[in-house]
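Chemist: Questions regarding the structure given below will be posed in turn.
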Amino acid sequence: MRQDHLITATQLSRDDIEAVLDRAREVADDPAAYADRHAGSVLALCFFEPSTRTRMSFDSAAKRLGMNTIGMGDVDSSSVSKGESLSDTVRVIEGYADALVLRHPSEGAATLAAERVSVPVVNAGDGAGQHPSQTLLDLHTIRENHGLDDLTVGIMGDLKYGRTVHSLAAALTEFDANQHFISPESLRLPRSVRFDLHETGAQVREHTDLEGVLGELDVLYVTRIQKERFPDENEYHRVAGEYQIDAETLEDAPDDLTVMHPLPRVDEIAPDVDETDHATYFEQAHNGIPVRMALLDILLENAEGDEGMEVDR
């Protein structure tokens, strides 16, 4: 029996995405119908990097499905600090849990984990690679505000190291969205991501400033500069704060522009934006609960041999 994992957004077809988002809408409309749906099951939260929203929302989502959760706690207090390999760690944890959520600083870590275990694995961020469950809640937020067809989306900030960007850009190609990428030259999309987007037929439009494209956008997706990914701290300080928006920036934006951010933010969105009708990032964060409930529900259904979203690894 084939187990399903969610490792990259590129694995998701439009039908896969809509299956999760439709289920998420059902969960949001009638959460009681999903309570105790997976009572007795256990979700392992394996976070080798700091996390607030992703970890807590998966924890909450699992418990709202009736699951128990287990976690590693501080990595320094685990056997990883003794030199245990990721492969050994996940193979041991597989015996304790029915599904595994993994965040790791190394790109490809979730792929390795999925190759080693037979329970569903969800990639909760692998270095500067991907973050597909974040993409699902991003798309849910966009759909609830605009729908997913005929979109023009601007993605601004750290496009080189921002894993949420890489996942979202890939998923938006399933909906033929017009995408504009706004960043300093040093933080433009990685060549491999640009190549993959071109392979889908997507138009990759790159800009170094927001002003020229703001009026065209339905969605502006802002990301922080990923300080922890920079090999040279001097380079980080050179570009930090270069791409910021405030309420004044948005005065000429379309009235229905949705401003999103995967959070945490530093200074790239000023607090005065919170008071505008454009701000959607807290709604976006809250959408992590129904979306991750839906995702876990479907993956566990697949693991049990029922019909659900097909996610090939």
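Placed from the backbone N, Cα and C atoms, the Cβ positions cover glycine too.
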Chemist: Need one residue: from R23, R25, R103, the one Swiss-Prot lists with R53, T54, H131, Q134, L263, P264 for carbamoyl phosphate.
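Modeler: The one candidate that Swiss-Prot places in that carbamoyl phosphate site: R103.
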Chemist: I'd like to know which of the binding-site residues R53, H131, L263 sit within 10 A of R163 (L-aspartate binding site) at the Cα level.
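Modeler: Matched binding-site residues: H131, sequence order.
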Chemist: If you draw a 10 Å sphere around the Cβ of P264 (carbamoyl phosphate binding site), how many other Cβ atoms fall inside it, taking every protein chain shown into account?
Modeler: 10
Chemist: Restricting to the same chain and to sequence separations of six or more, state which residues have a Cβ under 8 Å from that of R53 (carbamoyl phosphate binding site).
Modeler: L263, A285, G288
Chemist: Any same-chain residues 6+ apart from Q134 (carbamoyl phosphate binding site) with CB under 8 Å of its CB? Would you list them in sequence order, or say none?
Modeler: T54, G125, T164, S167, L168, P262
Chemist: Excluding R53, T54, R103, H131, Q134, L263, P264, which residues of the same chain place their Cβ within 8 Å of the centroid of the Cβ atoms of the recorded carbamoyl phosphate site?
Modeler: S51, T52, A124, G125, T164, P262
Chemist: Once the chains shown are all counted, how many other Cβ atoms turn up within 10 Å of the Cβ of R103 (carbamoyl phosphate binding site)?
Modeler: 23
Chemist: At its widest, how many Å does the recorded carbamoyl phosphate site span between Cα atoms of R53, T54, R103, H131, Q134, L263, P264?
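Modeler: Per the listed residues, the maximum Cα distance equals 16 Å.
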